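As recorded in TrEMBL, the features of this protein are as follows:
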SIGNAL    1-27  signal peptide
DOMAIN    33-487  domain 'Glycoside hydrolase family 9'
ACT_SITE  His414  active site
ACT_SITE  Asp465  active site
ACT_SITE  Glu474  active site
Amino acid sequence: MASAVTFSLGAKILCLTLCLLSLCCSAFTPQDYSNALEKSILFFEGQRSGKLPNNQRLSWRGNSGLSDGSSYHVDLVGGYYDAGDNVKFGLPMAFTTTLLAWSVIEFGDSMHSQIDNAKAAVRWSTDYLLKAATATPGTLYVQVADPNMDHRCWERPEDMDTPRNVYKVSTQNPGSDVAAETAAALAAASIVFKDSDSPYSAKLLHTAMKVFDFADKYRGSYSDSLGSVVCPFYCSYSGYHDELLWGASWIHRASQNSSYLAYIKSNGHTLGADDDDYSFSWDDKRPGTKVLLSKSFLEKNDEEFQLYKSHSDNYICSLIPGTSTFQAQYTPGGLLYKASESNLQYVTSASLLLLTYAKYLSLNGGVATCGSSKITAETLISEAKKQVDYILGDNPAKMSYMVGFGYKFPQHVHHRGSSLPSVHQHPGRLGCNDGFQYLNSGSPNPNVLVGAVVGGPDSKDNFADDRNNYQQSEPATYINAPFVGALAFFSAQKG
Ligand SMILES: *[C@@H]1O[C@H](CO)[C@@H](O)[C@H](O)[C@H]1NC(C)=O
């Protein structure tokens, strides 16, 4: 006993010293970021639709959606549920995939033991997107399930009996937004698998080109023909121009094929290259495209791409307090604040852009120009770090917004599967209405959706840990996807 007491006292002194030392620099150690990285990827297992593999680690989930597509004679089994419901929405699924792939492309070298898990998370989606894109010529399947019907129930994915309607875009009812985002996802993923599985990579890239061609030739927004089931959930508010340029940019990055370079050069101006826009999300790809294309200017000094570097600077400057073009809103506790619903999606996506741009700048000795001031890569990194640390618990509420990370994290996550008893604990069916007692109960979720980052606090840093407050307590795949890259970056930083 005595030695245990001594050890514990010693450990306390050691910790106190380390904590004091680390207070000056960081709330978290590289190990903390590694731990959060592992969890951020694990979350995707909780969102899986289809037949789960033997190595599934989030073991409270079971198989679901095994006949998706069958009534339409297509195989649409697999993919991800977008958030706390059981719908497979194509636009956010594709965007999630693009950002997960981008995370791996830029920061995979820092992922160490997690690289295979990250690739598996990308592949779970691309296997599905490949099926959706190739099942029927001239068609892209873009959604499974009627969200209005799905939302009337509170059901586990394993039990769901709501209509699994299938929605598609075609040459007659085009959807350049969802199709070009799908092309972006397939192209970005082809880079991820280039070395480890080159036949798969080639298939992804080839399919990306075909889907992009379809998106570009048959122009229109999927909200026009599918408004009743994609709006207001994932309505294409920003239109499809942003996705066309984003899709072409990703195929260019993946293939280095000069046709896409020519496409970007001749269509950039009409597809949003000259716009300044400060919100990067599943709807609006413009800031991401600017950063992605700025690499060509920074690396090759290609004059044609200077435009994208300037607009990337404008985006970055909008986020950095004190610059003449600063225009973001931050909470008193320092969190980037864009919207009352699912705000953290904007924070994680901005963090990935800050870090990616910092990487491109520092590889080339560049800086961002904000009016008369020069902003260095270090400033971008420290801004991203503030946001990442806030999410992980360095905030006024001393609360982590990642489920299962830290001492205090959301317990009442707005997520059907997580909030209902697991199929292994409660094998009997829970029907559509049986679930509402769990939705409305004050008890913590019985299944911990490890790694999920929820919508997050309001503009005053307040967070209601309430399952019915989906604006704050719902996770989403596109909140996590860019966070994976940001966490990988910080896990590899020394001190
Ligand atoms: C480049 O892309 C175009 C358009 O998709 C395609 O027709 C052409 O075959 C590609 N070239 C190569 C070398 O892959």
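Note that Cβ sites are derived from N, Cα and C of the backbone, with glycine treated the same way.
Across the fold, the C-alpha of Glu474 (active site) and the C-alpha of His414 (active site) stand 5 Å from each other. In this view, the densest Cβ surroundings among the active-site residues Asp465, Glu474 belong to Glu474, judged by other Cβ atoms lying within 10 Å. Within 10 Å of the Cβ of His414 (active site) there are 24 other Cβ atoms, across all protein chains. Between the CA atoms of His414 (active site) and Asp465 (active site) there is a gap of 9 Å, rounded to the nearest whole number.
Under the three-state DSSP scheme, Glu474 (active site) falls in the coil class.
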